[in-house]
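Visitor: Just passing along the structure, written as structure tokens.
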Amino acid sequence: MPRLGLGTSPMGNDQTERAVADAIEAGYRLIDTAEAYGNEVGVGKGIKASGVAREELFVTTKFDRHWHGRELAAEGYQASLDRLGLEYVDLLLIHWPNPQFDRYAQAFQGLADLLEAGRLKAVGTSNFKPAHLDRVIAETGVVPDVNQIQLSPAVTRVETRAYHQQHGIVTESWSPLGGQGVAVLTQPVIQDIAREIGRTPAQIILRWNIELGLVTIPKSSDPERIRQNIGIFDFSLTPEQVAAISALDHGEQAAVDSDEFGH
Ligand code: A2P
């Protein structure tokens, strides 16, 4: 799995098509979308427009709660493939646990069935907390390959990351630049490190993700920022710089609560 990819929320189909083509041209090989973003069609078109072979790309999508069920999962997957115009995705995620509907473990069993049938390369979850993951693993005997969570210097998810590490689950960060939440790009600590090493604040934050061993998917629709955001593999941060950025954590209360929200 590539270490950095393009996040596509929020973007409409036309904007997504352009951004995906720009990103692939800039060297991105991981593209992240979801049924709920309403832009899988744009992702598919952007991929075709890029001219890069499908097998060189790593495409992720996620389905919503109406597909939470062992058989329904296959239907939800096929609906995404039809919109994407692809034969398979590399990684399929359950978008939110929606614990109030109590069907996420059955949905994950559906994903495990698809994996076993060779219909995709990897399966996982998004916005799951350790308690949700515990249940999925206990009920299906399958460990998600990836859990994609909101993670930035303001929400560093220490406990969830420790859980992932213990179980061999890849941590993927959505809204690594803070998205609509707490502003992180303008934090003096980030700005100072950026000045010190001659990089942009966004590059500092994305490199911090790499130093922590994470996969990250910054969203941008701007060609220059898309290029800037992948330019993080020719420098590194010191352990002190990593610690200073991690100290910006505002705790879990700064995060979107996966028990309350979900598609
Ligand atoms: P834009 O799409 O206009 O570039 P996140 O991935 O954390 O949700 O952040 C996405 C937000 O950050 C978007 O508003 C995006 O705007 C902006 N953004 C993306 N890359 C950069 C960058 N390199 N510098 C500043 N802002 C950025």
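Just so you know, glycine gets a Cβ as well, placed from its N, Cα and C.
Quick paste of what TrEMBL says about this protein:
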type: DOMAIN; residues: 4-249; note: domain 'NADP-dependent oxidoreductase'
type: ACT_SITE; residues: Y37; note: active site, proton donor
type: SITE; residues: K62; note: site 'Lowers pKa of active site Tyr'
type: BINDING; residues: H95; note: substrate binding site
Visitor: If I take the alpha carbons of the residue listed as 'substrate binding site' and K62 (site 'Lowers pKa of active site Tyr'), what is the distance between them in whole Å?
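Guide: Taking the Cα atoms only, the residue listed as 'substrate binding site' lies 5 Å from K62 (site 'Lowers pKa of active site Tyr').
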Visitor: Measure from the Cβ of Y37 (active site, proton donor) and count the other Cβ atoms within 10 Å, all protein chains considered.
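Guide: I count 23 other Cβ atoms within 10 Å of it.
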Visitor: Tell me the coarse DSSP state (helix, strand, coil) of Y37 (active site, proton donor).
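Guide: SS state of Y37 (active site, proton donor) = helix.
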Visitor: Could you tell me the mean pLDDT over the domain 'NADP-dependent oxidoreductase' (4-249), as a whole number?
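Guide: It averages 97.
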